Each structure stands twice: as C-alpha cells, then as structure tokens.
Amino acid sequence: AAAAGPAAAAGLWSEVNRCGQNGDFARALKSVNKILQINKDDVTALQCKVVCLIQNGNFKEALSIINTHTKVLTSDIIAFEKAYCEYRLNRIESALKTIQSASEQTDKLKELYGQVLYRLERYDDCLAAYRDLIRNSQDEYEEERKTNLSAVVAAQSTWEKVVPEDLGLREATYELCYNSACALIGQGKLNEAMKKLQKAEELCRQSLSEDSDVTEEDIEAELAIIHGQMAYIMQLQGRTEDALQLYNQIIKLKPTDVGLLAVIANNIITINKDQNVFDSKKKVKLTNAEGVEHKLSKKQLQAIEFNKALLAMYTNQADQCRKLSASLQSQSPEHLLPVLIQAAQLCREKQHAKAVGLLQDFADQHPANAAEIKLTMAQLKIAQGSVTKACMILRSIEELQHKPGMVSALVTMYSHEEDIDSAIEVFTQAIQWYQQFQARTNYGCCVFQPKSPVHLSLIREAANFKLKHGRKKEAISDLEELWKQNPKDVHTLAQLISAYSLVDPEKAKVLSKHLPSSDTMSLKVDVDALENSHGATYVRKKAGKLTGDNQQKEQGQGEVKKKKKKKKGKLPKNYDPKVTPDPERWLPMRERSYYRGRKKGKKKEQVGKGTQGSTTAGSSELDASRTASSPPTSPRPGSAAAVSATSNVIPPRHQKPAGAAATKKKQQQKKKKGSKGGW
C-alpha cells in the first residue's frame with residue numbers, strides 16, 4: 001500500500017499536467033483532490049488546487065483554502081493568488097495590503113498592483129507603476145500595458161482635470177483610440193474626441209471582422225461602449241435628440257456590461273429632466289443593478305445618486321428626496337449639491353424662509369463654498385420680491401464685490417429700487433478695490449502707472465450713471481480721471497465739457513479750447529450714403545428725370561414747390577347754413593339727450609294679445625262682414641250712424657275691381673306703340 005501510494009500519485013500528477021495544458025481545469029481539480037487525499041499537506045497540490053479554482057471562477061473557495069492552510073501556504077509562496085482572489089472579490093484594500101506585504105515584488109504582483117491602484121483611483125501612483133512595468137519588461141503583453149497606461153491618463157483628464165502629457169503611444173488599436181478620445185473629452189475638445197471615436201469604431205470593425213467566428217451581434221456589442229461615448233459627446237454639444245436615439249439603440253442591444261447600462265440610463269434621465277418622468281423611473285432600475293458600484297468611479301456613482309434625488313423631487317416624493325440628499329450630504333459634507341437639492345425641495349413646498357436658513361447654515365459651516373450658496377440665497381430673495389435683502393447678501397460676498405458682473409447686477413437692482421445712493425456706493429467700492437490692488441502690485445514704483453481696462457471701464461460706467469441721474473459734480477471727478485489717463489480721448493472731453501457747462505460755464509469754456517478744430521478733423525463721411533442708410537431718420541428723395549417743358553421751367557424759374565389744393569369737405573344735402581348744427585350729431589342716436597325711443601305701432605301691440613277667445617278693441621276692423629265688399633246688414637232702429645254708413649254703400653255688382661283703370665291705360669299704350677307697323 002505504501003508503494004502503491006507514490007505510484008498512484010505519479011499517475012495523478014501526469015493527469016493534472018495533461019489537463020492543465022489542455023485547459024481542462026475541472027478534471028485537473030479532481031486529480032488534485034485525489035492527490036490531497038493521499039497527502040493533505042502537499043504544498044504543490046494545494047497550490048494547484050487554488051489555481052484550478054481561480055481558473056474556474058471559484059474565488060471564494062480558493063481564498064478559503066489559502067486562509068485555512070496559512071502554515072503551509074505562506075505569503076511568499078502564494079501572495080499573488082491571494083491578492084488576485086481578493087481583487088476579484090472586490091476587496092481592493094485587502095488586495096493592496098497583501099501585495100505590499102509580499103517579500104518579493106514579482107512582475108505578476110506589479111501588474112496586479114497597477115490594477116489595484118486604478119480601482120482605488122490613485123492615478124498618480126498607478127501611472128508610475130505602469131511606466132516602470134513598460135520600461136522593465138519585454139513580452140507579448142506590452143500592448144495591454146500601454147492600453148492600461150492610456151486609460152490612467154484618460155481618468156486623470158476626466159476626473160481630476162489634469163492636462164494629459166503626450167506619452168507618444170501609437171494608436172494602432174481601437175482601445176488606444178478610445179482612451180485617447182476620453183482624454184480629449186476631459187479637456188473639452190469634443191470635436192477632436194468625436195473623430196478619435198470614429199477612428200476607434202473603424203479599427204474595431206476591422207480587427208473583429210478578421211475573425212470568422214465573430215458575428216455582427218458580437219461586433220455591435222463590442223462597439224456599444226464606443227457608441228455610448230459618441231452619444232455623450234452629442235449630449236454635451238446640445239444634440240439631445242441624436243444622443244437619445246443612440247442611447248436607446250444601445251439599450252436595445254442588452255449589453256452585459258452593467259456599468260455601461262447604468263451610465264447610459266443616468267444620461268437619459270438627465271435629458272428627460274422633469275419631463276417623461278415614467279421613462280426616467282424605468283431607467284433608474286438599470287442604475288440599481290448588482291455590481292454597478294464596482295464598475296464605476298466614485299464621481300460617477302455620486303452623480304447617479306444626485307440624479308435619483310432630483311428625480312424624487314420632480315415626482316413629488318418629498319420624503320425620498322430628503323432621505324437621498326441627507327445620505328449624500330453625510331457622505332460628502334462639503335459638497336454643494338445635496339444642500340441645494342434640499343433647499344429646492346423646501347421651495348417647492350413654499351417654505352422659502354426655511355430654505356434660506358438652511359443655505360445660511362451651510363455657508364457658515366463651509367466658508368470655502370459660501371459664494372455659490374449666497375448667490376442661491378440672493379436668487380431666492382429676488383423671487384420673494386426682497387430685492388434690497390438680495391443686494392445685501394450679494395455685497396457680503398467679498399471675493400465677488402469688485403467683479404464687473406456683480407457691480408452691474410447690484411447697480412441694476414438698486415436702480416430698480418430707486419436707491420441711487422447705494423448704486424453709486426457700489427461703483428465707488430469697486431473702483432477703490434482696483435486702486436488698492438494697483439497700489440499693491442506697484443509697491444515701490446514711483447512712475448505713473450496706467451489703470452487696467454476693467455478699472456477704466458468701471459470709472460466710465462460710474463460717470464455715465466451719475467450723469468444720467470443728475471449727479472453732475474460727482475461725475476466730473478470721474479471724467480477728469482478718465483481724461484487724465486487719455487488726454488486724446490475726445491469723447492471723454494466732450495462729456496466733461498457738457499457736465500461743466502451745467503455747473504461751471506467758465507471752466508467749460510477753458511476746456512473747450514482743448515477740442516480739435518473742425519479743420520484738423522478729417523472725417524471721411526459719405527453724406528449721400530449716410531442719408532440713404534437704413535437707420536437714417538431722414539432720407540432724401542431721388543429726383544426724377546426732367547423732360548421737355550419741365551426741364552425748361554426748372555432752368556428758368558428754379559425749384560418752386562407746388563402747393564397742394566385742399567379739397568373742400570362734402571356737406572350733407574339738407575344742410576342749412578342759417579341753422580346751427582346739432583352739437584350731438586357725432587353721437588349715436590341712442591346716446592343723444594333728446595332720444596325718447598321708438599314709437600311702437602298700435603296694431604302690432606294689439607295683435608295676438610289677450611286670453612284665448614277674447615276680442616280686442618280692433619277686432620271690428622278684422623271682421624270681414626264689416627268691409628265695403630260685404631252686403632249691408634239690416635240697420636238697427638234708432639241708429640243714425642248705421643243709416644249714414646249704409647246709405648253710401650255700392651252694391652257688389654256695380655263695384656269696379658281695384659286697378660282696372662290702370663290696366664286699361666297700359667293696354668292702350670301698348671296698342672299705340674304696336675300700330676306703327678301694322679296700320
């Protein structure tokens with residue numbers, strides 16, 4: 001049995017060697033387990049088992065074996081395998097300690113050390129590590145090391161805003177082109193970055209199409225990250241529709257990279273903003289996928305969390321918004337966005353005073369970020385209509401008091417509130433700041449120093465403002481200062497003379513001597529072109545061509561303007577010059593004082609009134625039996641009116657139809673006209 005053990009072990013080792021060369025690590029693991037049954041403390045067998053487990057992706061089990069056999073598997077023997085298992089299990093800090101504790105830094109450990117530093121976002125140390133590797137190693141992995149080196153430079157440019165140095169790398173692969181494009185995006189060179197990405201796409205298609213086993217779907221999946229970066233550039237350039245279309249195409253491909261999907265979903269949410277909220281809620285699920293936190297940088301994860309809080313605010317989930325923003329603030333107490341999101345949520349709830357108080361507390365705790373917070377506070381005060389309080393907040397920002405933009409904003413706001421004294425005080429403080437700054441920079445220099453363009457611009461604006469609001473004496477000192485700086489400035493001199501003419505006319509006369517004479521001023525002005533220009537208030541009409549008699553009249557009489565005859569106004573037909581016209585004739589009839597309304601006819605009022613079956617006063621007129629054509633009725637005895645009415649009645653047979661005489665006359669006229677031809 002003792003002799004059979006070594007013989008069996010030798011056969012098992014040959015099996016392990018054969019399976020390892022063929023890449024069949026599952027069968028190799030079975031043979032290693034049989035060897036360990038013979039000798040459980042076999043160091044080589046334990047090492048082989050750890051390697052087989054790593055090759056099969058069982059990192060937890062491999063690390064467990066390393067930790068349970070620490071006496072046999074010392075750090076000198078299996079440091080790389082232990083650090084690699086910790087790295088793959090996302091225990092980055094532990095992997096760094098394992099690498100640093102190794103007695104010998106092999107090339108494999110140095111390679112892993114660079115990867116660990118990249119994951120820890122220690123880009124300066126990572127760059128130095130890869131440079132050392134490229135300098136001191138020559139093998140078939142040189143291209144991969146250069147790719148990693150370019151990735152570090154791109155990360156520095158994107159996240160740390162470091163201007164990348166030219167490494168002299170030849171962009172022969174699509175990975176190198178892609179990393180170079182990312183570095184250009186970090187510098188803001190978007191057009192150049194787009195060209196690099198297009199080149200990377202071409203190289204990727206060429207390299208993958210050479211392999212017959214690679215399908216078109218595989219090529220599109222590999223190109224997804226390049227297309228995602230192209231869409232990001234389009235979004236930065238304002239081409240949101242094109243970017244959104246490309247983002248959705250990538251999502252339809254269903255790439256396996258959860259980090260890529262999370263970034264694309266986040267970018268779509270930023271495009272949607274407060275619109276298309278239901279689509280944004282669907283995209284948020286992609287950002288919560290398992291393993292996303294290990295694929296993205298800290299700033300990317302932070303941006304995703306910010307957008308989640310904003311989406312909660314837009315969807316009126318106030319509690320969720322507060323929870324997310326509070327969590328972000330605890331992670332980054334000095335960051336502005338969490339407190340700004342909280343203030344925005346309070347404003348949506350009409351709690352402006354509470355929002356201002358929250359911002360004030362943050363400004364007191366973090367003076368370095370107080371300027372941006374105070375600008376937001378001023379905006380809230382303006383929205384509430386408290387312009388004066390907003391001005392007070394803005395003037396408390398010391399590092400921005402002298403900026404032309406701040407001076408302009410304060411002067412505009414004070415002018416709106418008709419507080420001219422405060423506006424002039426803002427100008428004065430800004431001018432004094434530039435004077436003190438110039439004195440500090442020119443310390444010990446006795447020669448005359450010209451003022452900076454910004455300083456002169458502020459003095460000129462202050463003078464114009466004072467002249468506009470009637471502060472002539474105050475404006476004169478500013479104009480004199482400007483003229484002292486540039487005595488050849490005719491415009492400033494003219495303003496100064498104009499101001500003195502209202503205060504001290506004698507001084508204005510003295511200064512007017514400095515004005516250039518009209519003879520010395522050679523103004524090359526085309527008067528005709530100036531008069532016919534688009535902005536001219538008066539345009540001279542072009543004279544038409546004179547012909548014949550008109551030309552002779554023009555030569556003899558000169559230019560004589562013809563006076564147009566005024567047409568007499570038309571008078572009404574019934575106009576009587578002796579009668580004074582009605583003073584109310586321009587008013588509508590209903591609005592005149594003597595209007596009494598229309599007189600309604602009696603018949604119209606009587607017809608159709610009364611209860612059904614009743615008679616009215618005019619019913620006798622409607623009675624057909626009482627008409628002239630009806631036969632006479634027998635008179636009532638003793639009625640004189642009846643007798644007189646019936647005495648003049650003509651019997652029906654003797655009555656002539658109405659219009660009979662007129663028809664006869666027309667017929668006779670027609671006969672007379674027709675008799676000319678026949679008779």
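Heads up, the Cβ atoms here are built off N, Cα and C, so glycines get one too.
What TrEMBL says about this protein:
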type: COILED; residues: 92-147; note: coiled coil
type: COMPBIAS; residues: 561-571; note: compositional bias 'Basic residues'
type: COMPBIAS; residues: 573-594; note: compositional bias 'Basic and acidic residues'
type: COMPBIAS; residues: 625-642; note: compositional bias 'Low complexity'
type: COMPBIAS; residues: 663-679; note: compositional bias 'Basic residues'
type: DOMAIN; residues: 541-597; note: domain 'Signal recognition particle SRP72 subunit RNA-binding'
type: REGION; residues: 540-679; note: region 'Disordered'
type: REPEAT; residues: 224-257; note: repeat 'TPR'
Contact set, same chain, for the repeat 'TPR' (224-257): CB under 8 Å, 6 or more residues outside the stretch:
174, 178, 181-182, 185, 190, 193-194, 197-198, 200-201, 204, 217, 263-265, 267-268, 270-271, 286, 295
Give the mean pLDDT for the repeat 'TPR' (224-257) on the 0 to 100 scale.
94
Kindly report the helix/strand/coil residue split of the repeat 'TPR' (224-257) according to DSSP, in that order.
26 helix, 0 strand, 8 coil
How many helix, strand and coil residues does the compositional bias 'Basic and acidic residues' (573-594) contain under DSSP?
3 helix, 0 strand, 19 coil
